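K.L.:
First the structure, which I've put down as structure tokens, then a few questions once you've had a look.
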Amino acid sequence: MYLLPNTTTITKSTMPHPQQPHAILEGLCKEQSLALAPEMVDKLVEYGRLLEEWNNKINLISRKEDAPIIIKHIFHSLLITQHHTFQTGEKVLDLGTGGGLPGIPLAIIAPQATFLLVDATGKKITACQEMIATLKLTNVTARHLRVEELHGETFHTIVSRQVALLNKLCAYGEPLLHEKGKLICLKGGSLEQEIKQSLEASQKHHGFPARVEEHPIDEVSPIFSEKKIVIAYR
């Protein structure tokens, strides 16, 4: 059993039907004052369907879900916009994108920015490329490569949902960040030591991060218990 905002209780016997993701997503976004155009909601729901479909073929996300994909993965990704506004012409890198998270949901609601999704696993990138094509997204591309291969490219923002330690993500991201760029991570658990280590190692990475912010999101929904948005700044 899990809870949605406003303490709506859902059990396995009352799990959302396929026609309900629109209402669930719209309700959650309204709770957070996140205004989405109807066509954005349509694409986000369609992405959720595609993600589940591809996940049955290859391992993109856990197959033992305790909450609908539209909440646990897609809405979770959208919460980044509570702490960062994507600007026109902004270049964004999704580091270790897996099944397109958080990059594809963010690209859907921020068409003014351009997104590059990278992952070292070819079959995951193939899935992302197929989903991007199906969704007809023109501001996002997916490439099969390791982050070390992105020589000479710079980004205003790097986002990541992968489980690597913050210190490691900062080491990967620093050479790719614009001089006023930031790294935004979706993380969970106790992060005090992880953040401390990244700050202590900053001199190895040209002073990055100069500071780190931690934003708990457990008040949004119990589904996100112990989940945080972590932002590392130049």
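Note that Cβ sites are derived from N, Cα and C of the backbone, with glycine treated the same way.
The S-adenosyl-L-methionine binding site annotation in Swiss-Prot covers Gly96, Leu101, Asp119, Ala120, Thr121, Val147, Glu148, Arg161.
Any idea what these are sitting next to in the structure?
P.N.:
DSSP gives Val147 (S-adenosyl-L-methionine binding site) a helix state.
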K.L.:
Neighbour count, 10 Å Cβ-Cβ cut-off, for Val147 (S-adenosyl-L-methionine binding site): what number do you get?
P.N.:
19
K.L.:
Counting Cβ atoms within 10 Å across all protein chains shown, which of the binding-site residues Asp119, Glu148 comes out on top?
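P.N.:
In terms of Cβ crowding, the pick is Asp119.
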